[in-house]
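Visitor: Questions regarding the structure given below will be posed in turn.
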Amino acid sequence: MPPPLQAHRMLLSHRRISPAPRRRFTAVSSLSSAPAKTAVAPGPPPSSILSIRDSLLSGERTAADITSEYLSRLRRTEPSVRSFIHVADAAAERDAEELDRRIASGGKDAVGPLAGVLVGVKDNLCTVDMPSTGGSRILDGFQPAYDATAVRRLRDAGAIVVGKTNLDEFGMGSTTEGSAYQVTKNPWDDSRVPGGSSGGSASAVSARQCVVSLGSDTGGSVRQPASFCGVVGLKPTYGRVSRFGLMAYASSLDVVGCFGSSVFDTATMLSVIAGHDKMDSTSSSHDVPDYRSDLVSLNLLESKPLNNLRIGIVQETLGEGVDTGVISSIKAAASHLEQLGSVVEEVSLPSFSLGLPAYYILASSEASSNLSRYDGIRYGKQVSADELNELYGDSRASGLGHEVKMRILMGTYALSAGYYDAYYKRAQQVRTLVKKSFEEALKRYDVLISPAAPSAAYKIGEKTNDPLAMYAGDIMTVNVNLAGLPALVVPCGFVEGGSAGLPVGLQMIGSPFSEGNLLRVGHIFEQTLQDVSFVPPMLADL
């Protein structure tokens, strides 16, 4: 453990932060650095939620038919993709039949906004009727007595929970290889990771195993998998969505987020799950708008729908360590935003590089406290022992994985006497610098953009033995969590790889509670992309 902590200490040494310069963005012409070769006809992604609702209310299809279609696709793709730890197919079929009975008895007016929509739920969110393991053996077979607030609100809106999706153990990882149960694969290329820690939720939506899904984002765990799997991913403002029922990793950073195959579907999800919750003291009472209301269809858009929108492209995210194909895709996306009427300039966030080491100190410190509850007595599988300390030690040793143990040790070390000021306190000071840097930039710009990850999806096992290289992959996302800001990732292009190219995601960052504006910009962006489709090739034959 000393080497990475020593590296953190060096990176967190005193550094003068210079004023952020502004530079006019230089446009490039190509939209994507590698062509998509899928057999699906390109065009704006349709809203699956709207389509399902319309077909139910018109009587064209039943909820049972829709559920059967998705479950059939799930059964055919799951042996390859392995998105789910638990599939509740029988319960989903029962819920669909019950919905059909309500509609047939004249209850169309009572049909919720997510009626008949199949949802995957990340397995660190509690579900009363399904196991909730957090991807860890220590919670193997654990079934909560309640639903997480986000899950309950989805059910109340008519959604059908189809199962629990795979994740890195307790959300600690960037590839979903850290799950204690299985390795999830990327639907675009089954030799590659889907990202993490919400890799199961992202791959399930990408493979159309479910319509939408819930994830959690502590340092990029929604946005990076969204980029790797070519889907839309939203990390809301801290406090926008209740954390009640979310297994805590780092409580000051954790956010419940969502995935969809279109911005409209993601906006619909947020409209349902957002809002104050008395069970979470950190949830905000800020008004929840209908996030769908400003999403205009393609045929109603003006010629310059983003006229006078000010966009800053974060200079530090397009330099050393970022794949050239990713840079080309992001610059092409920026050029597209300019064509839509926005003003795009480069902006420097001088504290940007300091965020990564600060994040890993703070997240690990909070994890060392939060995960103390998994001791074999309060929570977790218990190992027989002759005395209490031995019971604690053996239960945790057998139930927790390597990465989780490593982060607990890192956090405990950073909080220990004699090291608190050097690590934890310094990291909190850096966090303040990061927040101020974003605040200044967002006074001048309506939206900041960057890649969601420095590369496209990489090979399974490629970074398993190099944790520092894996941690470095979070450089694009962790600062947003440190600042508590909302961010939306939309697919924007491709790089070479696999049989059809590998998707790249554009990250859009906004001021607190500006999700509506991010969704509006993201919706216009995806609606106006030409000759590109983000449907994985594995679906061409299904």
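Cβ coordinates come from backbone N, Cα and C, glycine included.
Note that TrEMBL annotation is computational and uncurated.
These came from TrEMBL, pasted as-is:
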DOMAIN    65-519  domain 'Amidase'
ACT_SITE  K122  active site, charge relay system
ACT_SITE  S197  active site, charge relay system
ACT_SITE  S221  active site, acyl-ester intermediate
Visitor: Taking the Cβ of the residue listed as 'active site, acyl-ester intermediate' as the centre, how many other Cβ atoms fall within a 10 Å radius?
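Guide: Total other Cβ atoms inside 10 Å, all chains included: 36.
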Visitor: Same-chain residues six or more away whose CB lies under 8 A from the CB of K122 (active site, charge relay system)?
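Guide: Those within reach of K122 (active site, charge relay system), by Cβ under 8 Å and sequence separation of 6 or more, are K164, T165, L167, S198, G200, S201, S213, L214, G215, S216.
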Visitor: Could you state the CA-to-CA distance between S197 (active site, charge relay system) and S221 (active site, acyl-ester intermediate) to the nearest Å?
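Guide: Cα to Cα, S197 (active site, charge relay system) and S221 (active site, acyl-ester intermediate) are separated by 5 Å.
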Visitor: Other than its own, how many Cβ atoms are within 10 Å of the Cβ belonging to S197 (active site, charge relay system)?
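Guide: Excluding its own Cβ, the number within 10 Å is 33.
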